[in-house]
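Here is the structure we will look at.
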Amino acid sequence: MTQSLADMRRDYTRDGLAEAQAPGEPFALFHQWFADAVKTEQVPVEANAMTLATVDGEGRPHCRVLLLKGLDEQGFTFFTNYDSAKGQQLQANPFAAMTFFWPALERQVRIEGRVQKVTAQESDAYYQVRPLGSRLGAWASPQSRVIAGREELEGLVKATEARFSDTQPHCPEHWGGYRLLPERIEFWQGRASRLHDRLNYRLVDGQWLRERLAP
């Protein structure tokens, strides 16, 4: 390592976040920031990439990067194998947190709330627009299970291709979407000298309360 970790830092001076810029509810601001990220972030950064944190039945946290695939007034939607590690964790503890980080904009959004499965119709609608290889992979991969090697996975894919050689694959019951219903959304804008702007929205009795947090 050529540079000390203690010396690795950058100052954030691109923008600020004032209450006057922020609407009374968080979804409009998220849409605005997400649109900015789509326009500004460059490959390999994916604007809809997020870290999803879950907690298992023993209270141990787990996190991984996923892609956001849906957003409406209800919440934030992602898709996965229901039998995967994250699926089992959400079964045991249906609360999760998401973090979006857009480095070019010096922005971060943190979201916390309860997670519930979307309808089978919603899962199928998204499944059908995925590339064929991804649809077959949802059937082939025993996600999060221990396998002997890459060859085993490739064999499972070949078997799945043969199974659906004469028909289009349909959405498996073990695969589908989750929607995080937000109870808290924090917008973070990097500022100079680590005096960042943090606007936090909390859902209280069905209404969003906006407040500023110290950096």
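Glycine is treated like the rest: Cβ placed from N, Cα and C.
Taken verbatim from Swiss-Prot:
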| type | residues | note |
| --- | --- | --- |
| BINDING | Arg9, Arg10, Asp11, Tyr12, Lys69, Tyr126, Arg130, Ser134, Arg194, Leu195, His196 | substrate binding site |
| BINDING | Arg64, Val65, Leu66, Leu67, Leu68, Lys69, Phe79, Thr80, Lys86, Gln108, Gln143, Ser144, Trp188, Arg198 | FMN binding site |
Per DSSP, to which secondary structure element type does His196 (substrate binding site) belong, with helix, strand and coil as the options?
coil
Which three-state DSSP class does Lys86 (FMN binding site) fall into?
helix
For Asp11 (substrate binding site), the one of Arg64, Leu66, Lys86, Trp188 that lies nearest, given that the binding-site residues are compared by Cα:
Trp188
Nearest of the binding-site residues to Arg9 (substrate binding site) by CA-CA distance, picking from Arg64, Leu66, Leu68, Phe79, Lys86?
Arg64
Measuring Cα to Cα, how far is Arg130 (substrate binding site) from Lys86 (FMN binding site) in Å?
21
Any idea which of the binding-site residues Arg64, His196 has the thinnest Cβ neighbourhood at 10 Å?
Arg64
Considering only the binding-site residues Phe79, Lys86, Gln143, Trp188, which fall within 10 Å of Lys69 (substrate binding site) when distances are taken between Cα atoms?
Phe79
DSSP three-state assignment for Arg130 (substrate binding site):
coil
